[in-house]
């Protein structure tokens, strides 16, 4: 397998095989940005339940209003827009069409405050029953948690894009080189040798990698495509030139709906929305409309762009219809996949986001994400296990590097769960009227993570692993208790009333907590077993390398 | 697997920076080629090249660390990048 790059023993000379070189590359591309990948996997996995988490984090909101008919919802939001955002350049109305959009909402910009708009631009959820804005505690919610996995907080978009792109690319290289390394990938899959030190870690890492290999490949490649326009802009520059205008030209050729026009400045009443909805439904079928985007409402050049709900297709792009906003005439019908390459891109992105997934499939996505997280986690731990064994026979020279990786591993692989739980705790415990409370939820999460890294720096890893997993376990198990103490929608209430979003969150938190306790227990056992093996220091050295993943040679 | 520090740096640079530009050039080349064969507009060619460039990038990196001769990989990557960019952009100019 891989050896150290700068210092190899004479017996580990490079023999030129693809598997050997791939193993080396696999190790280093996986480790270098492994902690970033771990963070991306954890927040991305949680993100498959972004909308559900949103709702748990705003317990003041009513139950989902997805049952509302398209006509009723559209007219309610339109009434709200006319009353609260007159004279706007754009009203983007989202209908509560599926799990992804539990409430109606309105985004507007360019509204006229003289004509009575509440603000020039805004974005608000709307209660369809009485046409008022829905107000709840300020929070980033599940959306922000999910967003963290493609855009880091505390960083400009530019830096974050580059870091995530490179980390994702390293992951892609790690997966492909990992496949090349394991010639007998399926035989390895059926080989699991528990309780055998490094072998067991390797087997576990193999099983976790192979069992969800299609998912890992798909999620990484499509992740690259998400970042692609900022990561590899030069491919487009070759065709369009490199200035901003040229780039805009490309985007509009590929993505813009046809028939965008500027406002004429001549007032004209908006057409009857019901007729437009009826025509759209004659094309797509009933209740298939997700958003109604009205540009220049009240102008003679008004346009209505209607997007199809894409919960019934894997592809991320939606079909669009364009109507004249004054006559109600259908001007364009733009299907989602306008070209084969765009179809490949849309399907890749759609598979990544999984917005189409219904309950069962959504859970499968979640578990695949958990497996991916565990794959990255075991990979990181394995690096230290291997090196501890090699190092134990040598002098204490390389140990600084190993110890650093170990500390980062404990504080991230285990500590990140404590930080994640802290984000939810902060949502319940920070006062509802606190200024900047949404920011403070995030600060709480990252301060907790920093605390866990500091804890890991001062406590030996032997104790740190079980301790931090146990802390995570407590933090998650107690979440339903905190919820019950601070809201009316505790677990007992939600189970009794069939409130599955709340019950689901609380039960999942309990399950996560239990899992973390179990991992802590296993970690303790492994550490103790190693302590016993070491204690006698008998001359008979076992052919099986020591099991201690952390402190093999520190004495 | 003895790699001296300068050699390692030369290889990492070849893989990440050299490979990056070779990957882009392969995208331009393949996009234009497919574009001409299937008669697609340039937006489609650009998107096709974009989809393929990440795959070439990964395999270039794997190859660089397999070969491990900095001078050789740098020369090969430079020549290929120059060729594919030139031909790719020339072919791309014929697209609609």
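Cβ coordinates are placed from backbone N, Cα and C, and glycine is handled just like the others.
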Subject >> Of the residue ranges A:427-445, A:446-464, the one that TrEMBL records as transmembrane segment >> reply: A:446-464
**OP:** Have a look at A:6-27, A:28-49 and point to the one annotated transmembrane segment in TrEMBL.
**Re:** A:28-49
Original post:
Quick one: which of A:471-488, A:525-542 does TrEMBL have down as transmembrane segment?
Top reply: A:471-488
Original post:
Of the ranges A:162-186, A:262-286, A:287-311, A:312-336, which one does TrEMBL list as transmembrane segment?
Top reply: A:162-186
Original post:
Thinking of Cβ pairs under 8 Å, which stretch from A:207-240, A:404-426, A:446-464, A:471-488 has the most of them with the transmembrane segment (A:363-383)?
Top reply: A:207-240
Original post:
Cβ under 8 Å to the transmembrane segment (A:404-426), counting only same-chain residues 6 or more beyond its ends: which ones?
Top reply: 31, 35, 38-39, 42, 46, 57, 145, 377, 380-381, 383-384, 440-442, 444-449, 452-457, 461, 464-465, 468-469, 471-472, 475-476, 479, 482, 509, 512, 516, 519, 550
